[in-house]
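Residues or ranges marked as active site, charge relay system by Swiss-Prot on the basis of similarity to another entry: Ser245, Asp363, His391. Per Swiss-Prot, the feature compositional bias 'Pro residues' maps to 52-61. Taken from Swiss-Prot, the feature compositional bias 'Basic residues' covers 139-149. Here Swiss-Prot flags 170-272 as domain 'AB hydrolase-1', drawing on sequence analysis.
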Amino acid sequence: MLTGVTDGIFCCLLGAPPNAVGPLESVESSDGYTFVEVKPGRVLRVKHAGPAPAPTPPPPLSDAAQGDQSGLVRCQRRITVYRNGRLLVENLGRAPRADLLHGQNGSGEPPAALEVELADPAGSDGRSVPGSAGSGSGGRRRRARRPKRTIHIDCEKRITSCKGAQADVVLFFIHGVGGSLAIWKEQLDFFVRLGYEVVAPDLAGHGASSAPQVAAAYTFYALAEDMRAIFKRYAKKRNVLIGHSYGVSFCTFLAHEYPDLVHKVIMINGGGPTALEPSLCSVFNMPTCVLHCLSPCLAWSFLKAGFARQGAKEKQLLKEGNAFNVSSFVLRAMMSGQYWPEGDEVYHAELTVPVLLVHGMHDKFVPVEEDQRMAEILLLAFLKLIDEGSHMVMLECPETVNTLLHEFLLWEPEPSPKALPEPLPAPPEEKK
């Protein structure tokens with residue numbers, strides 16, 4: 001932090017632009033954390049852990065040399081946006097849906113076409129209607145509509161199993177509003193033991209990261225640029241993004257910005273595929289001093305809404321996990337800064353990365369219908385419901401969450417019939 005302030009003073013004296021982003025500077029602490037300066041005066045605490053570096057193995061043969069077609073998926077989709085505010089998503093290829101998890105909730109082949117009414121900024125929820133776009137209510141034929149724009153997606157992706165011993169795999173964990181990287185403790189310990197490299201930052205104003213006293217420091221775009229800087233610093237060839245609540249939006253942003261580097265995404269209680277817009281009538285619009293006085297009530301409300309039970313164990317988890325521990329100023333700025341009009345249904349429908357959706361059925365912040373709608377919009381999505389979990393499901397049910405995440409990391413789609421190797425010819429019979 002002191003280094004950032006000093007650099008800012010020198011920038012002013014030398015006439016350099018104060019917001020110019022230079023090379024990331026970092027300081028290692030004795031307790032295993034790294035403090036990364038993403039911008040002058042803006043320092044994030046990062047937990048970066050992994051196995052000891054192993055001897056470099058010989059480089060593997062290329063896929064063309066091996067003739068390997070495993071994990072190869074053809075992503076074909078047409079997205080049409082109409083002027084009347086409706087969205088038509090047509091899946092033109094075969095998506096690997098039902099071969100992920102045994103006992104998966106809501107598994108099955110995606111509909112050939114999905115018609116969605118885009119959610120308006122006022123907050124009315126869109127309704128998705130699987131089926132043909134030409135069908136109308138009451139047998140009445142609709143008038144031909146002029147499309148506003150059409151997006152064609154046609155690409156091939158290789159989706160492979162991500163194992164802990166592989167040096168090109170990195171897991172990124174991003175928390176939500178009011179939390180810190182401590183909410184991922186069980187997941188970080190679990191995956192480090194399995195040999196994975198993990199990266200978990202504290203958002204600005206959260207945990208041990210710096211907390212600028214300017215509301216503009218907590219807009220979605222400011223926080224997204226922080227996550228971009230962390231991602232570019234630690235990313236390798238195959239990166240997996242795991243987000244919770246508001247953190248899911250940053251995972252979506254990075255997956256959209258870096259489709260070749262993001263291998264898989266896991267969204268935990270992230271909500272529906274709608275653009276972000278702060279609510280005008282919210283308790284978080286009250287003055288900071290009022291929010292400070294209400295902080296005990298807000299913490300109790302979070303305990304009731306974020307946990308399936310409100311016993312001594314949950315209270316301890318809330319305290320130790322820093323699930324809701326943030327200043328009133330940062331909380332108000334975070335809630336009012338959730339403005340991201342680009343992150344609408346079209347933005348999510350363009351993603352071609354496989355996504356695992358995890359939802360705690362007792363969640364009072366995010367209705368299950370929102371995650372179900374997200375699963376409908378995404379091209380490669382798998383929804384898993386945890387009956388005994390709530391919004392903080394990674395704290396309540398760590399073993400279940402760890403198992404689901406690990407299974408998804410190891411999953412790879414079955415090869416298409418065209419990619420299956422031809423059987424070897426039978427050896428000729430010997431003549432007697």
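These residue numbers are counts, starting from 1, taken along the chain as shown.
Cβ atoms here come from the backbone N, Cα and C positions, even for glycine.
Taken residue by residue, the domain 'AB hydrolase-1' (170-272) breaks down under DSSP into 43 helix, 24 strand, 36 coil. Spacing of His391 (active site, charge relay system) relative to Ser245 (active site, charge relay system) is 8 Å (Cα to Cα, whole number).
Each residue contributes its Cα atom, and for Asp363 (active site, charge relay system) and Ser245 (active site, charge relay system) those atoms are 11 Å apart. Following the DSSP three-state reduction, the secondary structure of His391 (active site, charge relay system) is coil.
A C-beta separation below 8 Å, combined with a sequence spacing of at least six in one chain, links Ser245 (active site, charge relay system) to His175, Gly176, Val177, Gly179, Ile268, Asn269, Gly270, Gly271, Phe365, Val366, His391. For the recorded site, Asp363 (active site, charge relay system), the DSSP three-state label reads coil.
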